[in-house]
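Features of the protein shown, as given by TrEMBL:
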DOMAIN    10-148  domain 'YutG/PgpA'
TRANSMEM  47-63  transmembrane segment
TRANSMEM  84-110  transmembrane segment
TRANSMEM  130-151  transmembrane segment
Amino acid sequence: MKMNFLHKLICTGMGLGLIPLAPGTFGALGGFVSGYFIKHYSSQPDIYILALIIFFTLIGVYSSNKIIPEWGKDPSRVVIDEVVGMWISMLFIPNNILFMLLAFVLFRLFDIYKPFFIRKFEAFPQGWGIMLDDVAAGVFANVTLQLFLIIKTQFMW
């Protein structure tokens, strides 16, 4: 019983997924806030965020597999995938609130609309399907931001 509670706590992003209105957005907001504090208050923020991404992707897959029998396949209250995806979108971007907010908006757009082949990741089995579409959305958001930064640096101000 205690382990099941732990899996639910992980999957819901410490309870953020239990917020009835827009749980995915609140999960991403949890990733945003924690990423913001890591970026502002640690000496090696991207190393810490990368370690969190790897750890919580794997633990998110495992915990999701444990709750699927009770909650079903990819329930909206599972938001650990949004937390991880948000961290990915913030990786290696400037420690600047505007870029972080842009990362949040881009991640949510890629997560909600799932353009390109992002939706195909949902077909992966069990917890992998839950996690990988948001990992892909985070990668697309991050790449979009990186391209913007290159263009901004080379051609703008």
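Using N, Cα and C of the backbone, Cβ positions are placed for all residues, glycine too.
Same-chain residues lying 6+ beyond the ends of the transmembrane segment (130-151) with a Cβ under 8 Å from its Cβ atoms: 57, 60-61, 64, 73-74, 78, 80-82, 84-94, 99, 102-103, 106-107, 109-111, 114-119, 121-122, 124.
Panel annotation: around the transmembrane segment (84-110), residues 24-25, 27-32, 34-36, 39-40, 45-46, 49-50, 52-53, 56-57, 60, 118, 131, 134-142, 144-146, 148-149 of the same chain, lying at least six beyond its termini, place a Cβ under 8 Å from a Cβ of the stretch. Across the domain 'YutG/PgpA' (10-148), the prediction's mean pLDDT works out to 97. With DSSP states grouped into helix (H, G, I), strand (E, B) and coil, the domain 'YutG/PgpA' (10-148) comes out at 108 helix, 0 strand, 31 coil.
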